[in-house]
Structures are given as C-alpha cells and as structure tokens.
Amino acid sequence: MLTVSLLVCAMMALTQANDDKILKGTATEAGPVSQRAPPNCPAGWQPLGDRCIYYETTAMTWALAETNCMKLGGHLASIHSQEEHSFIQTLNAGVVWIGGSACLQAGAWTWSDGTPMNFRSWCSTKPDDVLAACCMQMTAAADQCWDDLPCPASHKSVCAMTF
C-alpha cells in the first residue's frame with residue numbers, strides 16, 4: 001500500500017511539473033501542425049506553412065520549369081488554400097507557371113507534386129480543357145486567377161518544397 005501511495009505521489013509531482021512547463025511555454029511535447037515553427041528554408045526560398053516557396057525569375061517552358069524545381073528539391077507550386085494563393089500573388093510580378101497540368105487527359109487537372117487539387121482559382125472562362133493548352137499559369141490580371149496555356153510558352157515560375 002505504501003508503494004502504491006509513493007507511485008501516485010510521484011505521478012502527481014511529475015504531472016504538476018509538466019503542467020508548469022506548459023503554462024510557462026517551456027514544454028517540449030510536439031504540438032499540432034499549425035503550431036510548428038516554420039521550416040528552415042534554403043537561401044532564396046520563403047516559408048509558407050510547412051513549405052518553402054521559390055520565385056524563379058528565368059522564363060522557361062512549363063516542363064523545364066518543373067525540371068528546374070525538381071533539381072532544387074521541389075516541384076512547381078501546388079496551391080491548396082486562399083492563403084497560399086495570396087502569398088504566391090505577392091511574389092508574382094507577371095504571368096508565372098504553377099504546378100497544375102492536364103496533359104494526360106483534357107480536363108483532368110492534377111498537381112505535379114501529386115497532392116490533391118482541393119482548391120481552385122480559375123479565371124471566369126477557364127479552363128478551356130483542350131490538350132493544346134494543358135499547363136497551368138497564374139495570370140498577371142488583378143485577381144491573378146489561373147489559366148490554361150500551351151506548355152511551350154516561356155514564363156517565370158514558382159517552386160515549392162515540403163518539409
């Protein structure tokens with residue numbers, strides 16, 4: 001009985017110590033994803049949630065832009081929320097390639113990084129859904145909506161990598 005009482009007292013003391021750390025903000029237990037520190041992005045990249053974003057100023061085709069992003073450790077940017085869309089808008093001084101494409105099947109838009117396309121910001125009459133225009137760009141229009149363009153066009157691009 002004495003042993004059980006000692007164990008209970010020890011557990012209460014440890015629980016109290018951990019509660020004190022939480023109240024003081026010194027607890028080391030991992031918190032939810034939204035409370036994680038931003039990733040340490042490579043030079044030239046900017047943190048956005050659990051990802052790093054890079055604005056590539058050299059104009060190139062969609063395929064070369066994707067290859068370039070992969071060489072840098074990422075993909076052309078996928079966009080999953082209005083927050084991400086707005087952030088990328090702040091980087092964009094004109095038309096840029098982002099990671100959407102429908103080149104395998106007209107109208108079947110996917111992100112090059114394989115993530116689900118759960119957010120959309122198409123321009124009002126887009127996409128055209130023709131294979132000749134199967135790569136996605138963010139326009140230079142006021143709302144910087146998405147448009148489908150022929151992939152051989154040369155534009156700047158936005159890369160993203162996840163940590």
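Glycine too: its Cβ is placed from the backbone N, Cα and C atoms.
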Disulphide partner cysteine [Swiss-Prot] for C69, chosen from C151, C159:
C159
Of the cysteines C134, C135, which is paired with C103 in the disulfide recorded by Swiss-Prot?
C134
Swiss-Prot annotation, disulfide partner among C123, C145, C151 for C135:
C151
What average pLDDT does the predicted model assign to the domain 'C-type lectin' (39-163)?
93
Hey, does DSSP put C151 (disulfide bond) in a helix, a strand, or just coil?
coil
Take the C-alpha atoms of C134 (disulfide bond) and C145 (disulfide bond) and report the distance between them in angstrom, rounded.
16
